[in-house]
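Listed features, source Swiss-Prot:
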{"type": "COMPBIAS", "residues": "1-13", "note": "compositional bias 'Basic and acidic residues'"}
{"type": "REGION", "residues": "1-23", "note": "region 'Disordered'"}
{"type": "BINDING", "residues": "Gly649, Pro650, Asn651, Met652, Gly653, Gly654, Lys655, Ser656", "note": "ATP binding site"}
Amino acid sequence: MDKGINLQNDKEPSPMAEGNPADFSAHTPMMQQYLALKAGYPDTLVFYRMGDFYELFWADAEKAARLLDITLTQRGQSAGQPVVMAGVPFHALENYLGRLIRMGESVAICEQVGEVGAAKGPVERKVVRVVTPGTLTDSELLPDKAESMLLAVHQAPRARCGLAWLSVTQGVVHLAECTHDEVGTWIARIGPSEVIYSAGVTERFEQQLQALRQGGVLSCPLSLRPDWQFDGALGARKLLEQLGAASLNAWDAQDLAHAHAASAALLSYAEHTQGRALTHIHAVRVQKNDELIALPPATRRNLELTRTLRGEDAPTLFSLLDTCMTGMGSRLLKTWLLEPRRDRTEARARLAATAELRGDHGGTGSWQALRAALRGVSDVERITARIALRQVRPRELVALCKTLHKAEQIAAEHRWQDPLLAGISGDLHAPPACGALLAGAILEEPSALVRDGGVIADGFDAELDELRGIQNHCDDFLLALETREKARTLIPNLRVQFNKVHGFYIEVTSSYLDRIPDDYRRRQTLKNAERFITPELKAFEDKALSAQERALAREKWLYEQVLDQLQQHVPALTRAAQAIAALDALCALAERSLTLGWCAPQFAAEPCIEIEGGRHPVVEARLAETSAGAFIPNHTRLNANTRMQIITGPNMGGKSTYMRQVALIVLLASMGSHVPAAHCRLGPIDAIHTRIGAADDLANAQSTFMMEMTEAAQILHAATPHSLVLMDEIGRGTSTFDGLALASGIATHLHDRTRAFTLFATHYFELTELAARHAHAVNVHVGATESGSDIVFLHEIQPGPASRSYGIHVARLAGVPAPVLNHARHALSALEERANEGETQVDLFAPPPESEAPGISPVEAALQGIHPDSLSPREALDALYQLKRLAQPG
């Protein structure tokens, strides 16, 4: 593609470049207007509407040309500089916006709002909206199954953080507070599309955010905002204004000053991008760490909940679960999956609702009929948000009207006994006035945009009907006029016609020009014809064109009136959207449970994970798809007496699959889904921690072993007796002795101190001795058997430790050359013989001498009592002198 003029080596200075004065008087009037608008959006690409194109200038043009592969050119001069520009057609705006947003860019849309020629100078323009990755509302830019989430992070004193986030299309502000160390877990949970934070954060906090970005936890654009926007008092006032309340007590959000500060910046930024108040934001939800089951970033990654280890959307647990008929249902189902609650109330309610949809208590079940009814339902949630923001398109209103009618039918046809389903049924009833307004106001097949006309239904407005009548009778008038003029002039091929450039005219070929009457006035000369206008035709033209313009203006005004009337229905429409989404998600859970043969879990008050015939849901589905055989189910029994399994066995035997399936079954049960097992009984769970796999983090200069130890340390600090911990091959990233020693220490700590439910897979057979020395640990292994020179993996979890590893057999299956295998067999025999002749084995699990336990030095004790963010300069200096005195010998 032609890239236009190459300006890379001879760039003209941008008028907005640093150091250039803000005086634009030397520029042309058009460029003065552009530069004044651009000054308000220095870090944003400004799409400046000029006729049928959106133009970009100078640095914006160069950047857009590079990112979008569009032509970069120069046209004319302004203030003595060539005007560097690039443009895109207005009708292709959404396509280019989508590409830029996916690249993490933000775009300000500048439209012509004044009438051309109405005033001296350039037509009036203004920025009508700013499109950023975290504030998307356009259905063309948003994926059906994902939210565009904006997150504001406020760094507070004493290593605390305030978090506030929202999806503009949902209209709910979420609040949370956490420590600096917990920010990564919260970001992984929220999955933001854009993060804003204060320009006044400390260097260390900035480095932490960048580290999260480089590590893949934070994979979205970061935007700095002025420090003054993060004001707690301002945030509290803004929240009260949105809620129309005098107190935040009803939402349990009154004592969250740090989160209030984040919400101040969040709401200001969101309003700035939409160009108006967010009137549809009607709720605040406070999220607390102790309410949710913790799923750290490593857990989400290793369990492949929504993304595979290769970064693909499927096959994952969510891709297997999601058979929803609507985008709303898919998004809600993902939220249930990624935000399971420790309290079982919601999970029990979903299981009970699913049971009725399945027909477990008698009857045929209603899930199939409901899924058929939900097919083709529009995205009410996003349409409602666009109504509130006055951005909704006519065809979206038609789709909304049809969906509301369908929702009424669903509610009328089903009478559920389950409380959750009964509540959903009640919310499906939208106000009758809303449906009547939509049906009466909008044509069944309207134009795509209001500016094109053809949107308001006939009979809705008498004045519009009259104006349309004038336009609709144009053809009759023109035909009658043509007939009369032919008779009057005796010109047989005379034609009365219309085009957008010249309006109405009478066309006469050159051979009949001698018959032209005196009242014909020449309008245009063609090669073989002349075009004329008469006083009568001119009068009709004025009337018809005036009617067309007035009708279009009337339609625009009426459309705005319809939006005004719809505002009162936004809360009810929001409830209807939530009800449709919940019903869709529950039907998907019902369908999956029946299709895949899953069972309903049971919840217990005492600590336990009891699974009979458990299967890995994704692996089982893949085996079924590829006809690769049946999945081998396994049992798991962890309780107060058995808290740890030491898992040994060959590679490819299924250790990792078994561990993951236990975690996935626990997660599915906790979200309120049936589970892939014959029976499941689950006690309280507060977190799922995993350390699986090995890979260098080159971006952060961390080796495989460093990554391994970092994740292990995080688990050892965070896990509790109610946590599920998966440890796979810990210690393999270093030498054998170091790895074995560390693995034994970690296993002992998890057993003796943490007391978490632990699945500990290892190739260190020495670790199997732990079960003999520790009452709450047991040995299990994945079965394998030899058949001649071959090995058969049974994929069964069997009691006791493995007898051998079969590593050389696995190497042969992988295609390692025969000479290498022969050498390995010889070396293995020699090593085993030497081991048998060696000294008595070291006791890995003997407690270390008390004297070896490091104490806390006076300097360390003093450091623990210092909170840098809360110190004044004088206090910091005093603390430094105190540390120096403590560090001096003697």
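Including glycine, each Cβ sits where the backbone N, Cα and C put it.
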Fewest other C-beta atoms within 10 angstroms, as judged across Gly649, Pro650, Gly653, Gly654, which are the binding-site residues: Pro650
Cβ atoms near Ser656 (ATP binding site) (within 10 Å, other residues, all chains): 21
Nonlocal residues around Lys655 (ATP binding site), in sequence order (Cβ under 8 Å, 6 or more apart): Ile647, Thr648, Gly649, Asp728, Ala761, Val782
Around the Cβ of Asn651 (ATP binding site), the count of other Cβ atoms that are within 10 Å: 19
Local backbone state of Gly654 (ATP binding site), from DSSP in three classes: coil
